[in-house]
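Trainee: The structure that follows is given in the form of structure tokens.
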Amino acid sequence: MQWRSIVVGLLVLRVLLNCAVWLVFGLGPSWGFDFPIKFTFNLHKIELLQDGERATVKTNAWSHDMYDNRNPQAKTCSKISGSSPNKSYLSFFQEGRDEYERKYSSFPDALKVKMRGMARDMFYFGYDNYMKFAFPEDELNPIACEGRGPDVLNPSNININDVLGNYSLTLIDALDTLLILGNVTEFHRAVKLVIDTVSFDKDSTVQVFEANIRILGSLISAHILLTDPRHPFGDIALKDYDNELLHLAHDLAVRLLPAFENTSTGIPYPRVNLKKGVPPDSINETCTAGAGSLLVEFGILSRLIGDSTFEWVARRAVKALWNLRSNETGLLGNVVNIQTGQWVGKQSGLGAGMDSFYEYLLKSYILFGENEDYRMFSAAYKSIQIHLRRGREACNEGDGDPPLYVNVNMFNGQIMNTWIDSLQAFFPGLQVLNGDVENAICLHAFYYAIWKRFGALPERYNWQLQAPDVLFYPLRPELVESTYLLYQATKNPFYLHVGMDILESLEKNTKVRCGYATLHHVVDKSKEDRMESFFLSETCKYLYLLFDEDNPLHKSESKYIFTTEGHVVPIDQRFREKSWEEQFPCEEPNNELPANISNCERIPEERRYGLPLKSVYMRQIDHMVGLS
């Protein structure tokens, strides 16, 4: 009889826990947040699909896509009423259109100045305390007011060691933000500190992706801004500057090159030791974003120094991943074996493990003008719309749920889980760059609704239960980035209000004694003692630019784009040129090719990009030895 009592007790406990979750995460009585946006999500019980054929008829309700139509009796959700009223996103503001117009149709100049000042102060509170308490270590622990470097006692702590390489990460990552804030004096001081104190000759094992976007990208950006003859930020030339940042970037890139060696697919290893190369115990699995988001930084470096090596290895990795996409759906998975080319993770989505892969297909095309990059992006975007997008066809009208992009199986398009992660909030910004502004507006509203509810974006949010699955928020910038880009595209004051809301939430919920801290729990607002470098390089930067209409970046005749780490690079004709092609000039025009495809695209890569990788890599090592 004892086991029966235990079973009964466990069942009672489960019922109580379910009730608690129902109440705590807003599915029952309100916590008291006065949030006017209300989504018409369906809260019916769901069961995830087992492997099976994808339904041939799509409905406008997400829950309908969760089930195998071959067995309708297995569905456990109620039928959704076909008579539900049409709703636009404006109707989510319960007060009605007049109240919406009153609240969001304007944003006074004085308030804009105040918010710009708040964003500037937020940056300096984090930056100054990093310089005071943490430099030259990589990050600031804002609660303890001390520095943080790699976890040398626990090499397996990749949450820390993938990012921190003992190379003053936060200072380097923040360089161009100083310039955007107009502080040329501190920018010069920071550049000199980097030149005088930073070395990559360290016994540090770091993630190739993180070192590329945070360190390499920032060094390249700062170098370009220092030497740009158009001087968009005024006269910022640094006396006696001799391309030292570019030399540092080159040195780091050379130390990352071993990741591309001894991989049968051309997809790089995820980690390298900056002094010793790929660790002997390195795993053969990497994520799609990590391996496929190197082309912007590596490509710019190649074109700045006239050496094709870096662009070649990055582009080869992108093509290798692209060629592994599903023949049925056109989708890619999120984790791949670099030796076999087999997909270890078959989830296809827009968040962690995949986000910047899509982003860099488009941004590489914008920067380098390679038609192949845009062809890949267009095909990927089409597959995303077909297989990941759920909800009604139109954003602001029609029956059914508002549009949402879900995580699916790359081979059949079936939904794999019911959560989205905060990194997906970058996608509205990418849609803006692609000219799909209406859908960007629609998707952005979904993430802003979550932010309004919690004062932050939980790392994972269960869209079926309307509750967080993973509760921390590490000061990520993605929603701010999309807000900024949508404002630039629409000039709708609503996005200034969104920015103000985000800025005030950060100030209220994350500010601590010496900086801004990661939220451990978005509901109770408990904190973790970490301020990641992207808070200064992205979150504060986008907030400041949102409210700074007269920033030189906005007034310059030149056009700029942001890397995935928020570093500024110009859209420049010199990045459309490959000096190495002078050695292998294009053949005579081929009239059989479409007008938008150059003959150079048909020249074998070995000719276009020069020497094989191994010999080029050895040449780079010899060159760096010569420099020393």
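Don't overthink the numbers, they just go from 1 along the chain as shown.
The backbone N, Cα and C atoms fix where each Cβ goes, and this holds for glycine too.
Note: TrEMBL annotation is automatic and uncurated.
The following feature annotations were taken from TrEMBL:
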- E210: active site, proton donor (ACT_SITE)
- D355: active site (ACT_SITE)
- E459: active site, proton donor (ACT_SITE)
- E478: active site (ACT_SITE)
- T564: Ca(2+) binding site (BINDING)
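Let's see these features in context: how buried, what's close, how far.
Mentor: Taking the Cβ of E210 (active site, proton donor) as reference, residues of its chain lying under 8 Å away and at least six apart in sequence are, in sequence order, D162, V163.
Within the same chain, residues at least six positions away from D355 (active site) with a Cβ under 8 Å of its Cβ are A289, L423, Q424, F426, F427, T564.
Proximity of E459 (active site, proton donor) to non-local residues of its own chain (separation of 6 or more, Cβ distance below 8 Å) is seen for D421, S422, P468, V470, L471, F472, Y473, P474, given in sequence order.
Within 10 Å of the Cβ of E478 (active site) there are 25 other Cβ atoms, across all protein chains.
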Trainee: Would you count the other CB atoms within 10 A of the CB of T564 (Ca(2+) binding site), including those on all shown protein chains?
Mentor: 25
